[in-house]
Amino acid sequence: MASKFLREYKLVVVGGGGVGKSCLTIQLIQSHFVDEYDPTIEDSYRKQCVIDEEVALLDVLDTAGQEEYSAMREQYMRTGEGFLLVYSITSRQSFEEITTFQQQILRVKDKDYFPMVVVGNKCDLEGEREVTRQEGEALAKSFGCKFIETSAKSRINVDKAFYDIVREIRRYNREMQGYSTGSGGASGINGPPKPMDVENGEQEAGCCSKCLIM
C-alpha cells in the first residue's frame, strides 16, 4: 500500500536550447507532445505520483537552454534536489554541453556528487543520430549516474527518466542521513554519499508508478 505522506521533490530539467526539455516535461505532466518550438525562459509544473509505493509530488522546473539565460542557472541550481541533464541524440553540440551543466551544478552545490540522470532525447530520430548510445552511457558512467534515452514525441521512457531521478534523490538522502548520524550510510563507509553503482542501478524497473496532475 502506498504511503500517504506527500514528499515534494524539486526536479530541474537542464540542457542546451532545442533539445526537447519542454517537450519531455509537458509529455510527463499533460501526456501530449508539443510540436512547435517556443524557447522557454522558465516554467514550473507539479504532478503527484506514486513511485515504488511512495507518494511523491514532483515540482518540475523547465529551464532555458539559451546562453543568454545562463545567469539564471545558479539560482535554480541552488534549490534543485535532482537534475535531468538533457541533450538531443541528433546534436553533438548539445551532448558536449552536458559536462558544463554537470560541473556547474557540482560547483553551486559544493559537492563531488549530486543526484542527476543523463537523458538522450529524440531517440525516435534514429536516422539523424549524431551521438551513439554508448557515448551517452560512457558520459553518465563518468558522472556516476544513470543514463536513459527518451522520445518526448513517441513517449518512450519519459516517465522512467523522471522516476529514476526521484529514486536517486531518495538513495542520496538515505546515505546523507546515514553519514550525518555517523553510521556511514547505505554503503557502510564513513564518508559522504558516493555516486550510485551504475551497473546495478540499471537493473531497476520503471514500474510501480502512477501519476495525478496537480
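Numbers here mean position along the shown chain, with the first residue as 1.
Quick reminder: no glycine exception, Cβ is built from N, Cα and C everywhere.
Straight from Swiss-Prot, the features:
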- 15-22, 62-66, 121-124: GTP binding site (BINDING)
- CYS211: S-farnesyl cysteine (LIPID)
- CYS211: cysteine methyl ester (MOD_RES)
- 37-45: motif 'Effector region' (MOTIF)
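Under DSSP, THR63 (GTP binding site) is assigned to a strand (E or B) in the three-state scheme. According to its DSSP assignment, GLY18 (GTP binding site) is coil.
Counted within 10 Å of its Cβ, the other Cβ atoms near LYS21 (GTP binding site) come to 27, all protein chains included. Cβ packing within 10 Å was compared across the binding-site residues GLY15, GLY18, and the lowest neighbour count falls to GLY18. Looking only at the binding-site residues THR63, CYS123, the densest Cβ neighbourhood within 10 Å occurs at THR63.
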